[in-house]
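Student: Pasting the relevant annotations from Swiss-Prot:
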type: BINDING; residues: 14, 17, 33, 37; note: Zn(2+) binding site
């Protein structure tokens, strides 16, 4: 008779400090290891040190006008 599969907890790396974090409901700040690492990451996004790649911003030469239609 085989034993039931005991699931190993999912372990991820904290995006800020690379410490190991158990991914479960008790990990309050997941994927971060702590509130400090969470706030460091938030600050980097707020300061625009991090961004998601997208289309370039429109410039004045793109035909944009502040004049109403």
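Counting starts with 1 at the first residue shown.
Including glycine, each Cβ sits where the backbone N, Cα and C put it.
I'd like to know what surrounds each of these features in this structure.
Tutor: In the three-state DSSP scheme, residue 14 (Zn(2+) binding site) falls into the coil class.
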Student: If you count the C-beta atoms lying within 10 Å of each candidate's C-beta, which of the binding-site residues 14, 17, 33, 37 ends up with the smallest number?
Tutor: 17
Student: What are the other residues, in sequence order, whose C-beta lies within 8 angstroms of the center of the C-beta atoms of 14, 17, 33, 37 at the Zn(2+) site?
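Tutor: Nearby residues not in the site list: 15, 16, 18, 19, 21, 32, 34, 36.
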